[in-house]
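Here Swiss-Prot flags Glu127 as active site, proton donor/acceptor, drawing on sequence analysis. Annotation comment: Swiss-Prot describes Lys99, Ser100, Ser101, Ile102, Ala103, Arg104, Asp117, Thr125, Leu126, Glu127, Gln146, Tyr159, Lys166, Gln170 as dCTP binding site. Marked as site 'Important for bifunctional activity' by Swiss-Prot on the basis of sequence analysis: Gly114, Trp115.
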Amino acid sequence: MILVDWQIMDRISRGQIKVEPFEPGLIQPNSLDIRLGDHFVWYVPGDRVIDPYDKESVTAEVEEMNANEVILYPGQFMLAETKEVLSLPDNVVASIEGKSSIARLGIELHQTGGWIDAGFIGSITLEMCNVNQRPVKMYAGMPIGQLVFYTTERAEQPYNLKQDAKYQGQRQATLSRYHENQRFIQ
C-alpha cells in the first residue's frame, strides 16, 4: 500500500519514519519531496575503464565538492546527496522519483538505484544526469525529487541488520561499493 499525506505525517510524528531535517510543507498527496544536498561527486572525463570489482578503479580520477550551487553540463553524470537523512522501519520501503519540473529541464534524478530498503538509515545518493542540450544550474536545498513510501510485511532481515549493508549510515554522495559484493561471474 502506498502511504498518503496524512499517513506519512502520522508515521513521521510517531517516529516510525524519521526525516531530518523535516519540513511539513514538503509532504505531497502521495509522497514527500526531498531536497538536494550540498555534496557532489563526479568522474573526471577520460578513457580509463572503471571495473566495478576493482575499488581503485572505482575511486580513481574522481572530483568532489561541497557547494550551494552546481551546474550539470549536457551528458554529465554526477552523484549528489539528499539534504534529508532518512530512517525507515522494518515494514516500510521507499522509492525515489524525480520531480516533473526538474525532469522537464532534462535532469534525471536517478539512473536505476531508486529503491530504499526497509531498515535503511542515511542520506540518499542521487545518480543525476543531464540529458538536455544545455547546462542546468541546481541549488542545494531545492526540492528535486520525491519519496513514495510503501508498507510491507516486516522484513526478517531489514537493511540495518544485514552484515553487508554497504550504504547503511551514509551521509554524503557515495561512490559505488559494488566491489564489496561476492563475485558470481566465471
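Just so it is clear, glycine is given a Cβ too, placed from its N, Cα and C backbone atoms.
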Candidate with sparsest Cβ neighbourhood (10 Å radius) among Ala103, Leu126, the listed binding-site residues: Ala103
Cα distance (Å, whole number) from Ala103 (dCTP binding site) to Trp115 (site 'Important for bifunctional activity'): 19
Leu126 (dCTP binding site) - helix vs strand vs coil (DSSP): strand
Secondary-structure category, per DSSP, in which Gln146 (dCTP binding site) falls: strand
The residue listed as 'active site, proton donor/acceptor' versus Gln146 (dCTP binding site) - Cα distance in angstrom: 14
Fewest other C-beta atoms within 10 angstroms, as judged across Ser101, Gln146, which are the binding-site residues: Ser101
Structural state of Ala103 (dCTP binding site), classified by DSSP into three states: helix
Nearest recorded site to Glu127 (active site, proton donor/acceptor) by CA-CA distance, among recorded positions Lys99, Ser101, Ala103, Gly114, Asp117: Gly114
Residues satisfying Cβ distance under 8 Å from Gly114 (site 'Important for bifunctional activity'), sequence separation of at least 6: Ser95, Ile96, Glu97
Reduced DSSP assignment, Gly114 (site 'Important for bifunctional activity'): coil
Cβ neighbours of Asp117 (dCTP binding site) where a neighbour is any other Cβ within 10 Å: 20
